[in-house]
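Asks: TrEMBL lists 21-41, 47-68, 89-107, 113-137, 149-174, 180-198, 237-262, 274-296, 303-324, 330-354, 393-414 with the feature transmembrane segment. Marked as region 'Disordered' by TrEMBL: 425-460. The compositional bias 'Polar residues' annotation in TrEMBL covers 437-446.
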Amino acid sequence: MLMKWIKALRVYFNPRMLIMVGLGFSSGFPLLLVFSTLNLWLKDEGISYIAIGLFSLVKLPYSFKWLWAPLLDRLKLPGFGLLGRRRGWALFFQLLLMAGIALISTVDPAANLRLLAVLCVIVVIASASQDVVLDAYRIESFSLKEQGAGVAVYIIGYRIGTIASGAGAIWMASFMSWNQVYLLMALGTLVGILTILLSREPSKAEKFSEQSYKNFNDFMNKAVYDPFVDFMKRNDWALILAFIFFYRMSDSYMAPMAFPFYHDMGFSKGEIAFVSKIFGMGATIFGGLVGGLVMSRMNMLKGLMLCGILQGISNLMYVVQAYVGHSVPMLMLTLSFDNIAGGMASTALVAYLSSLCNVAYTATQYALLSSLMSLARDVFAASSGYMKEIISWPAFFLITTLMMIPGLALLWILMRLERRKYPRGKTMPSAADGRISNRSDSSAQSTPATPPAATATEKQ
């Protein structure tokens, strides 16, 4: 048993994993600049809890990126075509991110909150679009059994990116203005730009490269209609979508209030930067690696259940923190539990979403699935400020803990359905492994989504 786990670690030494770190950094870097780091800036400017909570709505493009994902999935960007379909779009959005973050650095939130919101929306659109491309790149770079490890390394890069835009930005804000901080943060996009230029286009992306279309209706059918029909051929597609929406609800709802909570507990910017980001992200990275191992060695749905339970109950640590108050050791303990559990849950869910995608429609289908996660975070979390205004911090975190129940209940139903379909312990085949293909066109039926070797040795 021990040797099998050691053997599973070998996948992390694949050279492609280094590219995943850089791409993960590119994906994670912009998020906190329009989320928790921005929330702390707004709190410093005297903006209310309600306004800070409502500012979560600027991230709505993350929830609706599936609307334009078909364009990114099927078309090459003029002027960037030499890089390939995935890399060309990724470079374009990195340049747009650099410009958007630099413009945010010119705004005074207290004087012009609306302009700040507009610029944040532009950054989010570029970030969400980049995520569509990078998620497709990641999925197309690995076989099904390598997806868990690929996700884990990608999330390591993602967390390093959030450390830079979280702890790095907060630490710099302790001795320079927030406007100067955001101007320097614009340079962080250079990591993604260099990674994209040094990487190669995935071979699977070239296989399903840009097609010629007879007319607009033909494009809509092949690029938009077919990917959704492909996914909805699953008998339990509606249940899967509901599960994805609710799975991380407890974590998503409390997220906008995390930094205001630290502020109210009396923690300084330096303490927040070190404990919540540098120390906390180390715990998250560890959790992500553990999650990758769990998903590679356990049945996928059982792994999701284990990670989901740990993620939900981790919010109870914040109840204790609220009673203890300003205590750095207690905050380190709280965030260790929370971030390890959160890292495991993130890796588990992303690996599950990746397994659901048909490689012929990678960007479109993954954008749809990941948008449901964002919808819970961006729409429902917008009311978190209102809730905090009327209840105490302990009550707030207790309620967020209970929010794990719907997602786990739906997962339990999926597990029962799996046992009925595969009574001998076999896991459900996915469109990603090539053993089933839901594409309506003939080319899909003759083209496996992963190499035969990958499907023959699949383990979840």
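Cβ coordinates come from backbone N, Cα and C, glycine included.
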Asks: Okay, the transmembrane segment (113-137) and the transmembrane segment (89-107): do they have at least three CB pairs under 8 Å, pairs separated by 6 or more?
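Replies: Between the transmembrane segment (113-137) and the transmembrane segment (89-107), which are separate recorded stretches, there is contact, as judged by 3 or more close Cβ pairs.
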Asks: Would you kindly list the residues that approach the transmembrane segment (274-296) from elsewhere in its chain, counting only those six or more residues past its ends and only Cβ-Cβ distances under 8 Å?
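Replies: Cβ under 8 Å, 6 or more out: 5, 8-9, 11, 145, 148-149, 151-153, 155-156, 159-160, 162-163, 166-168, 170-171, 258-259, 262, 267, 303, 306-307, 328, 331-332, 335-336, 338-348, 351-352, 459-460.
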Asks: Any chance the transmembrane segment (393-414) and the transmembrane segment (237-262) have 3 or more Cβ pairs under 8 A, given the pairs are 6 or more apart in sequence?
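Replies: Touching, yes - the transmembrane segment (393-414) and the transmembrane segment (237-262) meet the threshold of 3 or more Cβ pairs under 8 Å.
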Asks: Contact between the transmembrane segment (237-262) and the transmembrane segment (47-68) is defined here as three or more C-beta pairs under 8 Å separated by at least 6 residues; is that satisfied?
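Replies: As far as Cβ distances go (cut-off 8 Å, pairs 6 or more apart), the transmembrane segment (47-68) and the transmembrane segment (237-262) touch.
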Asks: So, does the transmembrane segment (330-354) come close enough to the transmembrane segment (149-174) to give 3+ Cβ pairs below 8 Å, pairs being at least 6 apart in sequence?
Replies: yes
Asks: Looking at the transmembrane segment (180-198) and the transmembrane segment (330-354), are there 3+ C-beta pairs under 8 A, with each pair at least 6 apart in sequence?
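Replies: Judged by the Cβ rule, the two regions do not touch, with the required three close pairs absent.
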Asks: Under a criterion of three or more Cβ pairs within a distance under 8 Å and sequence separation of at least 6, are the transmembrane segment (21-41) and the transmembrane segment (330-354) in contact?
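Replies: Contact absent: fewer than 3 Cβ pairs fall under 8 Å.
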Asks: State the residues, same chain only, that lie 6 or more residues beyond the ends of the transmembrane segment (113-137) and have a CB under 8 A from a CB inside it; answer 'none' if no residue qualifies.
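Replies: For the transmembrane segment (113-137), the list is 23, 26-27, 30-31, 33-34, 38, 47, 51, 55, 58-62, 65, 68-69, 72-73, 86-87, 89-90, 93-94, 96-97, 100-101, 103-104, 107, 192, 199, 202, 205, 362-363, 366-367, 370, 374.
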Asks: State the residues, same chain only, that lie 6 or more residues beyond the ends of the transmembrane segment (330-354) and have a CB under 8 A from a CB inside it; answer 'none' if no residue qualifies.
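Replies: Answer is 138-139, 147-148, 151-152, 154-155, 159, 244, 247-248, 251, 262, 265, 267, 271, 275-276, 279-281, 283-292, 294-295, 300-301, 303-304, 306-308, 310-311, 313-315, 317-318, 320-321, 324, 366, 369-370, 373, 432.
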